[in-house]
Ligand code: 9MR
């Protein structure tokens, strides 16, 4: 992937004068064949060669990052070297450049520069080490005689300056005719070892810096050399000791390399603010005991989405400090997303793909990633229909332009993205009709900062893919049932699109996105789409109940295999989305009990991981992945689903412990959510929340999750500071660290889902199940309607005086005429109230009522959840 975090165009202004002036400063050494260099100072060069390597990825073993290039060439690293076809007809050497930034130079140090190069036909190349800005003073200018056979070249020079961010550039322009250049083993050795970066991790007692629920678990971690138990004290805001005990030594934690103890102070349950925990002479950052912060995070993590919107102005009155003009609507300098062509040779039409959310800190819009994001928002809403503890999502909670339209705001926000996904479908009559284009983004990577409406790059549709098509099928099928009570036409449009996408994916099962398609946007390649097929079939089955999808689900290897791996699920691993929905959304799949049980088995695994981990994490692979925080959160989703299925407290407590890690109980003593916790991420990689680079721009809004530790540290900012990091330390809150510190729509979606789950637990008191049993029988079902009879039994030992029973329909069904109860409906949720004569239900007594319903397209299963006077019936 090519992702310069700066604008390459600045290098075009290299002046010949600067080059000449600087070339006197270097002394080339003859070391290898084919070089034009002569040795003048071999001793110094040997010393330099033993110095530290300053070039990142000079061997192109890990792709082409962080090398950048001018827009008139493309990198080809397929042969293990970096090659490029250099166009003819350019005038100046600097008209074609390959470069690397942020190379530290130390004054008076001598450096050894080496490279392998070849050209076809033979050419004189130009390699420079220079100042990255005007006047581009060169400290080394070398002119290797390149030829088709390839050779290695070596030079030395002494730096006249201290400079943290020199550039190495290969200037390849100025040829009338095209030629091919290849490069390998680029090395710049010498200078001082890079400064060892020491993150400021604050006190050694690590806590959730935001809040623990009063009646929930409360755990902390102490970093210490001690090997035997240490006393701890919990103090309130006034400094009084309110609880104390002894820690549990846990040995050396592999994920951080630290010797640690854990502290359990869960027996203390009094709500308050400004608590601290003291152990081993250190006092933790302050925290609350209370549920209020999660009610706020439930909202903030969703409010994140509106200012990610493309194609609409962000109103400052809705998001003070975040207002900005609409991005990519075709107003110059934008080229607009209203009429986007394909990449050359990919298609002969243009599409209006305006709208949707920007994926992350870039201006790209990707169907596979949009898919899981919108699905998780829809599932957060759908959970309110099926889970005993879930509190409703309503209209007017998120301050979006649609607030007040009678539709829950979370569905309004999700629709903004779903409308975009629908637009990415190939129109009828065109090749691959029904498939979805994988992505749309800029032709080349842009630099930071860059507000969306100022992006002047050409926008292009990339080829269709099976994965994108199945993301569309899955989300459109889910949308069809969820939006049906609010907008039947939109629901129908989604169902049609889902069916078309499914058929198109079946006809084109192996259109895989190319891993090489990563210029100007992420590749989002995925070589295995069995999980996407399974997810789509599951959603289509849940919505329609149809045989074809049922058969597909039951025959899929993903239906029964163990999908609860240690790394969890994400945009490229989506079988879990299908499995969890089959388990938690009402449907009549044969063997559904085993499906529900399999989710519980997954939760058991993550709970075991968490219990064994001294930082209480449900994620513990030997190396952390890109976006590890979203994997931690998705593993928590599995535990939350198991709690929703079983009501077993330990799964819920697993979720409550997992959130501690995200909010500060970690090796860095750092909260990964902007605005939450005393020390929290706020410089996430984003072209418009670029406050770190331009103080007039804002930081990301509160409630924004950072990707989190990534053992592979794939960006130069992380590589410069974090070499050799233990997994938990592979993170830096720097805007340039896009591989550890980006924000994305698919990482905030599990944060939002989990925040809602935690908020729904109130103060952490586990509610006793309702003393009731419900029998719900749909006696007759015809095209336009159905008749249902409901019996409610009081299974408790007290008389119920006045009852309200609630359930939700799967889709657009409407309760009509009723008998023996008063029925009303809001969205899909039905409320049945007793009449005067049947208000009292003695222990053991039942009441039966019924209604005629108006049918809606699709399945009409028996609801899983009934609540009587607010408590879920068994
Ligand atoms: O989240 C993606 C991660 O799983 C991949 O390993 C990585 C490299 O392909 O790309 C990540 O996605 C980025 C995307 O390619 C471009 N927009 C920003 C995304 C988050 O960093």
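Please read every residue number as a count from 1 along the shown chain.
Any Cβ shown, glycine's included, is placed from N, Cα and C.
A strand conformation is recorded for residue 685 (active site) in the three-state DSSP classification. TrEMBL lists 685 (among others) with the feature active site.
Positions annotated as active site by TrEMBL: 733 (among others). Non-local neighbourhood of residue 733 (active site): 670, 681, 682, 683, 684, 706, 741, each in the same chain, at least six residues away, with C-beta under 8 Å from its C-beta.
TrEMBL lists 742 (among others) with the feature active site. Following the DSSP three-state reduction, the secondary structure of residue 742 (active site) is strand. Taking the Cβ of residue 742 (active site) as centre and 10 Å as the limit, one finds 24 other Cβ atoms among all the protein chains shown.
What TrEMBL records for 765-874 is domain 'CBM2'.
Summarising the annotation, TrEMBL assigns region 'Disordered' to 690-715.
The signal peptide annotation in TrEMBL covers 1-32.
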Under a three-state DSSP reduction, the secondary structure at residue 733 (active site) is coil
Positions whose Cβ lies under 8 angstroms from the region 'Disordered' (690-715), at least six residues beyond its ends: 3, 5, 62, 65-66, 297, 299-304, 307, 319, 321-322, 448-449, 451, 623-630, 632-633, 662, 672-676, 681-684, 722-723, 725, 727-731, 733-744, 747-748, 751
Residue 685 (active site) and residue 742 (active site), Cα-Cα, nearest whole angstrom: 4
What average pLDDT is reported by the model for the domain 'CBM2' (765-874)? 97
Close to ligand 1, in the sense of Cβ under 6 Å, among 685, 733, 742 as active-site residues, are 742
